[in-house]
Amino acid sequence: MACSTLSKSPKDKIDPRDLLIPLILFLSLKGARSAAPGSSPHQVYNITWEVTNGDRETVWAISGNHPLWTWWPVLTPDLCMLALSGPPHWGLEYQAPYSSPPGPPCCSGSSGNVAGCARDCNEPLTSLTPRCNTAWNRLKLDQVTHKSSEGFYVCPGSHRPREAKSCGGPDSFYCASWGCETTGRVYWKPSSSWDYITVDNNLTSNQAVQVCKDNKWCNPLAIRFTNAGKQVTSWTTGHYWGLRLYVSGQDPGLTFGIRLSYQNLGPRIPIGPNPVLADQLSFPLPNPLPKPAKSPPASSSTPTLISPSPTPTQPPPAGTGDRLLNLVQGAYQALNLTNPDKTQECWLCLVSGPPYYEGVAVLGTYSNHTSAPANCSVASQHKLTLSEVTGRGLCIGTVPKTHQALCNTTLKAGKGSYYLVAPTGTMWACNTGLTPCLSATVLNRTTDYCVLVELWPRVTYHPPSYVYSQFEKSHRHKREPVSLTLALLLGGLTMGGIAAGVGTGTTALVATQQFQQLHAAVQDDLKEVEKSITNLEKSLTSLSEVVLQNRRGLDLLFLKEGGLCAALKEECCFYADHTGLVRDSMAKLRERLSQRQKLFESSQGWFEGWFNRSPWFTTLISTIMGPLIILLLILLFGPCILNRLVQFVKDRISVVQALVLTQQYHQLKPLEYEPQ
């Protein structure tokens, strides 16, 4: 150990103090597992486990493509690698990380005597202090680590409980007192239920001897992660331990650390002055018309050289505006293919506010992959959430009761390390976000759940009457305006079939009789709008031509004869303003809307017209209508009811008076006269 005054009796190796209770409390305070900020837990990264020396320099590493916190390989650095640039008693204080094994080889290696060798490794080994600077010393170190009466032990440093204050710091290799060791290869076999790793030899003694004779690193360790270590997500900052040899005298030691680093697969670096606006492409200029080829003179006998045809260039990628327009065009094509009757007259509008997409749960057959597919490594800057998911489809994982209504079939992920890839045209909508593939390891380790969904843009379907009504002065609707989304009309198209329940909304697609006249004029209005846009395009084209002419004219400043037009030999050298045509077309459109407004008002009854005269008239009528009706009923039926009530009261009073009078008189008995 660190202090030479400590006794070396085997009985002192066992610490009677029990630290289990504070250690368990410490473990219970560890934070919950989390993936990279703003990413899906199923996303695949290039993960690297690094083993560092005492100066926190990487001396050994292993990499692989896996989701975070699912890959726990066995780390096999050599013991002497941990001593690179380490304490002087290891003999490698001047060796940089990743250096080859230093020192002369043994004279009795596997290839026989070697030039410049030092000592024969077959000679009896002495009890010299084991070092790593020669093959002989590394062979001695191998004997120490495999001997039953010697060995090595490991003490935790950065993550140990606060109660273990007597274990010291890096200067004592975190093993200042007995009882601090949690793992290692010594006869008392230290262990711990809370430490993150276990450390053992990775080679047998016979295997290590032969490797040492060949002048190689021959003391590899086997570092394995414990269950407690697999629950920790602070590996990116690193954890550190101390390792000491159990030999006679003072125990030599060193410190090492383990940390994790990860990065996205394939760098995606924007190029340009503004990475945010790199994809905001401008509208492409119209391709110039090819100039007609001039035929050579008939009398010319010189052979003409045929220039090779230019290689066709690929069209530039679509900008943001083009992508939005493609969404609407794709929605129309899909709707026209499946329901052509609904595309005769309609308006498809791309929703400008969130949510921009919605999902339809579907049933499908996913595929299993033992290695991570390419689409599993696609990085996402944010976790995408579907705020609206409808239908019933395939679910996987631990689905809560609040979301079981979305599940037609619920499956459990089997054990093993593999990936579940969604079918083409679908994605997994998980409680952690959207992802094209799932990691079975993540599903088995967590309580996540996912639903197989189709992703549809929020494109709303409107009948023509709804759009024209927005231009009318009256915004009063007898019923809520129709607003069917593309997901309701085409849900389940990818997996075969239309979403259930669409038939219940077909009656809403039928316009009222008052708007039938508006439907017939849709095509005419669209033609007028098209003409306006065409005229505007001509104006912009004419303006651009003038700008180009002016630029070319600047190159001909020294040509002073005839002016700019004569020098350029242009037939047209003025700006043709067609904005007046645009104003005329828009005026015609407004006139037609006004005519339809009058036609709509003429088709209404006199009573319906009251409610369109002013916005407060409807509120006034609905407020006083109730009291007026009650007052009218009182005036009509009040006198009759009052007379009947008075007559009833009089009858009751007369009966009471008769009863009172009868009780004031007594009936006289008749007298009997006797005959005389």
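Quick reminder: no glycine exception, Cβ is built from N, Cα and C everywhere.
Between the listed ranges 113-116, 133-136, 277-280, 665-668, Swiss-Prot ties the annotation motif 'YXXL motif' to 665-668. Candidates Asn202, Asn612 were compared with Swiss-Prot; the annotation N-linked glycosylation site appears at Asn202. Noted from Swiss-Prot: Cys80 is disulfide-bonded to Cys132, selected from Cys3, Cys121, Cys132, Cys155.
Looking at the candidates Cys117, Cys121, Swiss-Prot gives Cys117 as the cysteine bonded to Cys107 by a disulfide. Note: the CA-CA distance between Asn336 (N-linked glycosylation site) and Asn408 (N-linked glycosylation site) rounds to 29 Å. In sequence order, Tyr418, Tyr419, Leu420, Val421 are the residues near Asn368 (N-linked glycosylation site), counting only same-chain partners six or more apart with C-beta under 8 A. In the predicted model, the topological domain 'Extracellular' (35-620) shows an average pLDDT of 74.
A count of other CB atoms within 10 A of each Cβ picks out Asn202 as the most crowded of the glycosylation sites Asn46, Asn202, Asn336, Asn375, Asn408. Comparing Asn46 (N-linked glycosylation site) with Asn375 (N-linked glycosylation site), their Cα atoms are 14 Å apart once rounded. Secondary structure from DSSP puts Asn46 (N-linked glycosylation site) in a beta strand.
Under DSSP, Asn375 (N-linked glycosylation site) is assigned to a helix (H, G or I) in the three-state scheme.
In sequence order, the glycosylation sites near Asn444 (N-linked glycosylation site) (Cα within 10 Å of its Cα) amount to none of Asn202, Asn375, Asn408. Mapped onto three states, the DSSP output places Asn444 (N-linked glycosylation site) in helix.
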